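Q: Provided herewith is a single structure, encoded as C-alpha cells, for subsequent inquiry.
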Amino acid sequence: MTTRYIFVTGGVVSSLGKGIAAASLAAILEARGLNVTIMKLDPYINVDPGTMSPTQHGEVFVTEDGAETDLDLGHYERFIRTKMNRRNNFTTGRIYEEVLRKERRGDYLGATIQVIPHITNAIKEKVIAGGEGHDVAIVEIGGTVGDIESLPFLESIRQLGVELGRDRTLFMHLTLVPFLGAAGEVKTKPTQHSVKELRSIGIAPDVLICRGDRAIPANERAKISLFCNVEERAVISLKDVDSIYKIPALLRSQGLDDLVVKRFGLECREADLSEWENVIYQEANPNGEVVIGMVGKYIELPDAYKSVNEALKHAGLKNRVSVTIKYIDSQTVEAKGDEVLQGLDGILVPGGFGERGVEGKIQAAKFARENNLPYFGICLGMQVALIEFARNVAGMADAHSTEFNKETPFPVVGLITEWVDEEGNVEQRHEASDLGGTMRLGAQLCHLLEGSKAAQAYKGNSCVERHRHRYEVNNKYRERLEQAGLVFSGLSSDRKLVEMIELKDHPWFVAGQFHPEFTSTPRDGHPLFEGFVAAASAHQKRDLKK
C-alpha cells in the first residue's frame, strides 16, 4: 500500500486547533472509505507527557498499547475509528534519546552526530513507519512556525516533501485571520507573514486553513490566495463553531476532501457524514439537562480532564440530555464542606496524583454514598471511594492509601508490585522505580461480576479498558470490605487485582481503577458514562417529584 502524507502546521499563534482540524479532515476521508491515521510530533524535550503537569500540558492520553501521549490523540480517536498507538506520537526528547542511544552503541561508526542528517533521518523514519498500512497519514507538527523547537521537524517534513514527491505529500497550514472591531474588517497580514516564514524554510503550503471568529469574506480569500501563492479553492475558512463535531461538515462544504483526493489521485466514494449529522442533531436537541459535579485538583485547566469532559457530553447525547459540568476544587470541599456539593445530579471524581485535595475527594464520595447521589469514580476516584467506605462503614477509622500516608494502620490501597500485562507477561515495580513510563499502562482485560451494575452496563461478563496507575486495592482487606457490603464487581485477568467496586443498596455508585474516558466517542459513547448520566437524570426526576 502506498501511503500519502498530509503535513499540518500552524502559524501566528498557538492553540488554533490544528488537532481538531487534522481529526476533522481525517473523519471526512474515512467517511469516503479511506484508511486514515494521524500522528502528532511534539517539539518539547520531554520523552513523553507522562510526567508533565496536567495544569501546564493538559491530560495525558493513554493508548491501547500503553503509550502516554498528547491529548490530541484523544481527539483523533474520537473522530476516526483507527486506534492510536505509540507510533502515533513522539517528541524531540524521544528522538534525541534514541539517536544518543545508537551513538553510545556505536551504530554511527564514529560519525559526528548532527541535527541534519541524524535527527532529521530519525524523524523521517518514524513518520514513514507510522503511516505504513494506511491510505493517508495526517501528520500534525506541534508548536508554531517560527519557534526554534519546531525546526528539526519542519526540516524533516520539507525533506519528505522532496523525497516522496507532490503526488504523495500535501502541506496544510493553519493561520489566524483576526477581525479588528475598530477597523470593522478581517486582517490577512498575519497570515501573509506566517506563510512567508514557512516558505523561508522551504515549505510552500498547498492548503491554508484560515481560523477566525467569523467566515472569511470571498474578497479576502482571493487576497490571501494572491499574496500566499495558494489556489483560491485551497483557502479554507474555518470559523468558530459551538461544537467541534460540526467541523467535518464545515470543511466538507468547502471541498477540502475533494482537493486532497484529486491531489493524491485516490479513487473513493463520496463522503457519508450521516453519523456526524446525527451527533449534531442530538447535541442540538436535548430533552433535559443534568448537572455533574467534577471534584478534582486540576480544575483551573479543564483540558486536564479533556477526555472525561467529552465522555460526559457523549453520554448526554445517548441519554438525550445536555450535561453541564460544575468543576469543584477538592480543596474547596475540604474548606467549606458539603455546601459546595448541593444542587448536583451526580458526582464524578476523576484520576489524579498527590496528596493535595485528597480528603475533599473522600468527602465527596461520602456525600454521594450517604445521600444516594449517583457517583462515578475513575482511578483515584475509585480509591477514595474505597477509603471512605473502609473508614466509615467497615470500621477502619484511619484507613488510607500508602501513596498519601505510609504510616496508616489500614493501608487499604497500596503500591502494585506485580501484575500480569495484556500479553500475559509479569510486570514488577518497586518504590524506587522511575516515575516516567513505570505505571500499569494500557488496555487490560477485566472480569465482571454477574448481576452487577458493571455487567449490566457492559452487557457482558468482561470488558477491556485502559489503565494508568501505580496503586491498587490491598488484597489483605478485600474480605473485610466485602463483609461490610462493598461489591468487587470487576477483577483483573488473573483475578488478583480489583478493577471495579460498587454499592448494592445505592441507585448508582460505581467506580473503576481504569480510565473509561479514553474509549468514549461521540458516535458510540461509553456504557459506564451512559449509565452514570442516566442515573443522574433519574435522580433529578426523583427530586422533582419530591
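Just so you know, glycine gets a Cβ as well, placed from its N, Cα and C.
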Q: According to Swiss-Prot, Ser14, Asp147, Ile148, Glu149, Lys187, Thr188, Lys189, Pro190, Thr191, Gln192 bind CTP; which one of Lys40, Lys102, Lys223, Lys239 is annotated to that same site?
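A: Candidate listed by Swiss-Prot for the same site: Lys223.
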Q: Quick one: which of Glu334, Glu339, Glu403, Glu450 does Swiss-Prot put in the L-glutamine site with Gly352, Leu380, Gly381, Met382, Gln383, Arg470?
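A: Candidate in the recorded L-glutamine site: Glu403.
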Q: According to Swiss-Prot, Ser15, Leu16, Gly17, Lys18, Gly19, Ile20, Lys239, Asp240, Val241 bind ATP; which one of Asp70, Asp72, Asp167, Asp303 is listed for that same site?
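A: Only hit among Asp70, Asp72, Asp167, Asp303 in Swiss-Prot's ATP site, alongside Ser15, Leu16, Gly17, Lys18, Gly19, Ile20, Lys239, Asp240, Val241: Asp72.
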Q: Over the domain 'Glutamine amidotransferase type-1' (291-542), what is the model's mean pLDDT?
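A: A mean pLDDT of 92 is what the model gives the domain 'Glutamine amidotransferase type-1' (291-542).
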Q: Whose Cβ, among the recorded positions Lys187, Lys189, Arg470, His515, has more other Cβ atoms within 10 Å than any of the rest?
A: His515
Q: Counting Cβ atoms within 10 Å of each candidate's own Cβ, which of the binding-site residues Ser14, Thr188, Thr191 comes out highest?
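A: Highest number of other Cβ atoms within 10 Å: Thr191.
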Q: Could you check the recorded positions Ile148, Cys379, Met382 and say which one's CB has the fewest neighbouring CB atoms inside 10 Å?
A: Ile148
Q: Go through Pro190, Gly352, Gly381, the listed binding-site residues, and name the one with the sparsest Cβ surroundings, counting other Cβ atoms within 10 Å.
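A: Comparing Cβ neighbour counts within 10 Å for the binding-site residues Pro190, Gly352, Gly381 gives Pro190.
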Q: Can you figure out which of Gln383, Arg470, Glu517 (the recorded positions) comes closest in space to Gln192 (UTP binding site), comparing Cα atoms?
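A: Comparing Cα positions, the candidate nearest Gln192 (UTP binding site) turns out to be Glu517.
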